[in-house]
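Worksheet: the structure to be examined is printed underneath.
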Amino acid sequence: MKFLDQAKVYVRSGDGGAGCVSFRREKFIEFGGPDGGNGGRGGDVWIECVDGLNTLIDYRYQQHFKAKKGEHGMGANRAGAKGSDVVLRVPAGTQVLDEDEETILADLTEVGQRIRLLSGGNGGFGNAEFKTSTNQAPRRANPGLEGQEKWIWLRLKLIADAGLVGLPNAGKSTFLAATTAAKPKIADYPFTTLHPGLGVVRVDGREFVLADIPGLIEGAHEGAGLGDRFLGHVERCRVLLHLVDGTCEHAGKAYKTVRQELVAYGGGLEDRVEIVALSKIDSLTPELLKQQKERLQRAAKKKPLLLSSQSGKGVPEALRALLAVIDEGREAEVAEARKTEWRPI
């Protein structure tokens, strides 16, 4: 399936139906009086978070969504039917932004969330509504109100427990493939990964979701390489696994390059809990491994994990370290939910 993480969409709610001008006509009833019904409301525009989606690709092929108009009122005091609603179905993690791409209108993070974006126009009054003591046979009715319209942006930020960051060719996709059932493209050249990938990790009978994003290079926040737009997909992660290629020229400099991009991006990524790991250690001599480990430790100011996704060495330890941080975050969320839980006085 192709991946698309943002789309511009036009939405319009339905117009209200017009009220009806009608009079009661029956045998032996000379002055039946007005009986025009009201118009129906226009359809609303909803957005709903559904299961089974992880891309916005459907909105590449259809960008215009219009709800149905309300039906007009009819005689015998019959009101028009409400117009059919239109529902935009999106994956969990989708944000709805105004046309300025800054104002957040909705943030859908849980399956089943449903938010009304636009309300349909009200139906017009039929002439029965205008009957008064001084005007027993009004010949006027209201038209329905127009619906609302706007352009919106849908932006997907994948929901994962842990995220993989690093320079291109740091071994992120290999790590994802080794620890999950995901099958990312793996090759020995930069930017093999062109869009984010998700996988479910199982360790010690537990599960968590791991996200792999395309590699960052120096100047990514200014648009270099693939830029930093994909960093939005790890904004919701509790912990980052920063992989540094052990075969690169200088592990410390490689680490600092990515850290600078995280700081430049903002969004609190630089403050996320970070686990640092030196990858591809099976390709290093003992002397070079020691040198790269020391360089990385000085740059990160913490002891890095050592792993090889190919041989599996050090991988279980990295997964358990991620799981420990994720569990801590989940427990904190549960504790916070208990604090705010409503109780009768």
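Don't overthink the numbers, they just go from 1 along the chain as shown.
Placement of Cβ uses the backbone N, Cα and C atoms for every residue, glycine included.
Bear in mind that the values here come from a model prediction, so they are computed numbers and not experimental data.
Residues annotated as GTP binding site in Swiss-Prot: 166-173, 191-195, 212-215, 279-282, 308-310. Lys172 (GTP binding site) is surrounded by 31 other CB atoms, counting those within 10 A of its CB over all protein chains shown.
Classification of Ser173 (Mg(2+) binding site) by DSSP places it within a helix. Per Swiss-Prot, the feature Mg(2+) binding site maps to Ser173, Thr193.
Residues or ranges marked as domain 'Obg' in Swiss-Prot (evidence: sequence analysis): 1-159. Within the model, the domain 'Obg' (1-159) carries an average pLDDT of 91.
Look at Swiss-Prot and you will find 160-327 tagged as domain 'OBG-type G', backed by sequence analysis.
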